[in-house]
Structure formats: C-alpha cells, structure tokens
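Since the structure comes first, as structure tokens, the remarks are kept for the end.
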Amino acid sequence: MAFSARLASSLRPALAALHWAAPRQCRGLSTPQGSEPSLDLRGIFPPLATPFSPSQEVDYAQLEGNLRRYASIPFRGLVVLGSNGEYPYLAPRERVEVVSCVRRALPRDRLLLAGSGCESTQATIKLTISMAEAGADVALVVTPCYYRGAMTTAALVHHYTEVGDASPIPVVLYSVPANTGLDLPMEAVITLAQHPNIIGIKDSGGDITRMGLIVHKTRQEDFQVLAGSAGFLLASYAVGASGGVCALANVLGDPLCQLDHLCREGQWQMARDLQHRLIEPNMAVTRRFGIPGLKKAMEWFGYYGGPCRAPLAPLSPAQVEELRSTFSANGWL
C-alpha cells in the first residue's frame, strides 16, 4: 500500500472530528480581535482542476467522480474556476455549467467558492450574479490585469467596490501575481476589507510579511486571509491566516487537512515536519510543472486528471519521471 494511502487511512478518525459546519475553536492560533466572521472560511479548499475529455470538452462525469472521492476528505469547501481550473480557457456557458454541476454534488454544509473575475467591471458583475444563481456561496474575483499599468489602487478599489455592491453573495479578493503580473496593493486590500460584502482575500504571492500585515491591519474587520499555496501554509497560519486554497489539495487532501488540524491544535513540531514534506511536491505541481503536472499527479492518487485544454501541453516522459521522483522522495508514492 502506498504511504499516502496508509497515512490517509490513519488520519481519517482524527480528521472526522474537524467538522466544517460550525466555526472551530483554535488552541494553537490566535484569533483576531472582533466578532466571529459572518462566513467562516477556516480550513482547506482545493481549487478544483477541470476535467476534460480526450477531445478537450468538459467531462462532467469525471468531475462528478472526483467529487465523490473528495467527499470523504474534511475540506471546508471547494473552489471552482480558479487558476487550476483553467478558468481563462472556459467559455462563459461552461463556467456556469461547471459551477452548477459541482453545486448539485456538494453537500450544502460545504462552501462553494466560484471564480468570477473578468477584465471589465461590468462583465465581472454579470458573471458573479450568474455564479450566485448557479449555487456559489462566495465569488472569488481575480484582479483585472490586461491593462495592468492603469490598475492603480484607486482603479482597483473602484472595481471591487462596484462588484461588492452588486454581488448577491460575499466576495473574496484574489491576488495571484504569478499569473497576472499584478499584486493587489496593500492599500487597496485594507480599504476593501471595510466593505460589508468583501469578506477576505486569497493571497497567492507567498509574501508572509505582507500576509501578516494584512491580518494585522484588518483585524477589526469581518475579513479573512486565505493562503494561496500549500508551500507556505504553516507560515501563513502562524501570522494569522484563516485557511488555504491549495492546488496540492487536489492530490494530497488528507495530509493538508491534517496540517490545518496540527496548526490549530498548536502541535507545531509535527506540523513543521509535515509541511517540509509538502513543499517540493507543491512546487512540482505549481511553479515547476503547473496544471499538466497537477493533473498527472492526480492520476497516481486515484483521481481523474486527464488532458489540459490547448495550448497547455502535456508533460514529456522525462518530466513525468521527475514529477514522480519528487513525490516518491518525500514519501507520498
């Protein structure tokens, strides 16, 4: 039996206690001042990969199959149509259909975050409303970036304020500078945290100082910070992040939920040991090999990965071997 399977089996009794329906008390992490958040985002969210058929059409049957497998893992919820969902490559109709499919299969006590960010404010508002109608609980809105030189703090605050005003569901900001070339300015985040319908940020930049400062500067607001990668999850929790949206959770969901649990229980040595074993696999399915690497790794752990949509290309045989070696060297295969 693979080490990851043995670990998952041994962890499930402990993880079962981490029920997501009610806010959890955290002995190991300090809770920001102020009242409990209106919508609790504490926990792990996998940003789902969108499965495609060999002809590169969305494969809804395989999507449902993956969702059935994820149902046994105590995720706080799921993210649909994030960067790992090949969101830019989906037509507007497909985006709505994918969210509808996931909502039908997802228990109501798990949150569904859906990407709805577009380049224009008007288009973002329209898609956000469609996502709410399709069953999303929260809109995840990436920064508009095509005209990044014009995306000043004032422009971005205006954009997100308009979206927050019009959205029928809460909004989470999404800063992913590796893909957009644009880091959502700190000043904009602090201003937008005061909006009653903007409840948090997914920060994928990996700047722990910045994340800690956002937590500190928004501690009086109903606002939560989500780490955007498994590679810095422990460090993010140490400075006050609420949870994580981690690509690696598509592959190693149970270990990431265990890391979340260890941090909340203050078991920092065990948490650190586990975090160390997740860093290289995480790098492999994000910066090193990206979505093709993520989908290939999913297949080794019993999920459907399948092809990416062109122009994303599959891994070469040498890259596949390197990816496998990375997981094996850290005890996951």
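Each Cβ is built from the backbone N, Cα and C atoms, and glycine gets one as well.
As annotated by TrEMBL, signal peptide applies to 1-16. Per TrEMBL, the feature active site, proton donor/acceptor maps to Tyr174. What TrEMBL records for Lys202 is active site, schiff-base intermediate with substrate. Feature annotation from TrEMBL assigns pyruvate binding site to Val245.
Listed in sequence order, Gly82, Gly115, Gly117, Leu140, Val141, Val142, Thr143, Ile201, Lys202, Ser204 are the same-chain residues six or more apart from the residue listed as 'active site, proton donor/acceptor' with CB atoms under 8 A from its CB.
Around the Cβ of the residue listed as 'pyruvate binding site', the same chain contributes Phe45, Pro46, Pro47, Val79, Gly82, Leu113, Lys202, Ser204, Leu226, Ala227, Gly228, each under 8 angstroms and 6 or more positions distant in sequence. When Cβ atoms from all protein chains are considered, those within 10 Å of Lys202 (active site, schiff-base intermediate with substrate) total 27, not counting its own.
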